[in-house]
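Below is one structure, written out as C-alpha cells; comments come after it.
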Amino acid sequence: MSALEIQHRDPGTLARAGVLRTPHGEIRTPAFVPLATKATVKSLLPHEVAELGYDMVLGNTFHLFLDPGHERIRRFRGLHEFMGWRAPIITDSGGFQVFSMGHGTVADEVKGRAPMGQERMGKILAIEEDGVAFRSYLNGETLFMGPETSMEIQGALGSDIALVFDECTPFNVTREYTQRSTERTHRWLDRCLAWHDARGPEGQLVYGISQGGVHEDLRVESTQAVASRPVDGIAIGGSLGADKPQMYEVVSWATAAIADDPRPRHLLGIGEVDDLIRGVELGIDTFDCAMPTRLGRHGVAVVNDPERRWRVDLTAGRFKDSDEPLLEGCPCPACALGYTRGYLRYLVHARELTGQRLLTLHNLAYLSRLMQRLRAAIAEGTLAATAAALRAGELP
Ligand SMILES: [Zn+2]
C-alpha cells in the first residue's frame, strides 16, 4: 500500500493532492520541505517552522555523519528528539554531498544548489563498487560512505523517510559515464533495500532515486528500474539539465514513466517559484531546496517578480533609504511587523542575526502559502487558473 493517499487529481495535468503518512505524522501534499541540514532550520525554532505551515523538514546525512556523528544522535534517541522537531523528517542519502566534492556543475546552480567554492565538502579519494572514500572537510580524516553506511546512518538518525545512496551524476559527463553510473546506482539501490529489510528501523520509508541524467532513454529506464523495486517512493535526482526548459523536460520523462504509480514522488534540490508550480503540474508530491533559507541569510527575499526570478536583493545600495514594505500585503511574521526595506537592508548589511531570521521567515512563509494555494487549487479543480495567476506574479 502506498504511504501516499491521493485525494484529488487535476484533470489537465499529472498534478495530485493528498496526504503522505509517516511514523511521525502526515504531510499534506504537494509540499515544499525546508532544509534542516545540520539538525536545525537555520535561525528558526521548530514551532515557528510548523506555524509557517510545514509538516516535514530535511536533515542531511553527510553533514550529520561528520558532526556530531550518527552514533551520538542515536544516544540522544534520534534526530527528532535531538533537534526538538517531532514531526516528519526526510534525510537525504549523503550521495549528493559526497559526489559534489568531485564535481561542481552548472546543473547545481540551475537547481539552486551551492556552486562549488561556496561550500567546502572535502575531497573524493576513490569511487569503487562498495562506495566512496573521501577526506573530511572538518579534520582531513579519511572516511567512507557506501549504500550500507548511508542506510545505517539514516537508521541511527531515525528519519521517517530515508533516501538510498546514489551517485549524483554531474551535467558535463559522457553518456557512457552516465549509463555506467546509473547502473551502479541501481545496484546500490538493491543493497540499500537489503540492508534496510534486515536492519532498518520499523516504519521508516525508503525512497529510490532515479538517475540517467539528461538522456531520455536512460532517465526513463532508471525511473522504471527504481519503480520496479519495492521502494516506498521515487525521488528524481542527478543532473536535470542546463536550464529550466531542459529540467522540466527531464522531470516530465521521469513522471510520465510512472504516471499511474500511486507511490510518492520527490524532486531533489528544486525550489524556485516557477519550478514548484511546474513540478506540481508534472506530478511531483514533495520538493526540497536550500534556496529560500540560503537566500534569506544572504539578504535576498522572495517577492512577486517573475521577471527577476521572484527575487529582490536587499543588499543593493538603492534600498538604503527605502521606506517600502518588504512585500505589500504579505501576511508573514516578518512583514506583519511592518519593517521597511531600508531597515532590512541595514540589518543584512550589518550582519545582524535578526535580519537573517526575518528574511528566512518571509521566504519560507511565501513558499508555504504558494504550496497551500496549489493544494487548494487541485482540490477545487482550478489549478490552471491558479497556476497562471501565480506565474504572473500574484501574491500567494
Ligand atoms: Zn513577508
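Using N, Cα and C of the backbone, Cβ positions are placed for all residues, glycine too.
Binding site for substrate per TrEMBL: Asp92, Ser93, Gly94, Gly95, Phe96, Asp166, Gln211, plus Gly238 from the candidate set Gly69, Gly140, Gly238, Gly241. Looking at 10-16, 227-233, 269-275, the stretch flagged in TrEMBL as region 'RNA binding' turns out to be 269-275. Looking at the stretches 213-217, 293-297, 338-342, 353-357, the one that TrEMBL records under the feature region 'RNA binding' is 293-297. For the Zn(2+) site, TrEMBL gives Cys330, Cys332, Cys335; the one candidate out of His349, His362 that the record lists there too is His362.
Within the chain carrying the region 'RNA binding' (293-297), a Cβ under 8 angstroms from the stretch's Cβ atoms is held by residues 34-35, 41-43, 114, 311, 356, 359-364, all 6 or more beyond its ends. With a cut-off of 8 Å between CB atoms and residues at least 6 apart in sequence, the same chain places Asp166, Glu167, Cys168, Thr169, Thr178, Ser181, Thr182, Thr185, Leu218, Arg219, Ser222, Gly237, Gly238 near Gln211 (substrate binding site), listed in sequence order. Each of the recorded positions Asp92, Asp288 was scored by other CB atoms within 10 A of its CB, and the lowest score goes to Asp288. Note: the Cα of Ser93 (substrate binding site) and the Cα of Asp288 (active site, nucleophile) are spaced 13 Å from each other.
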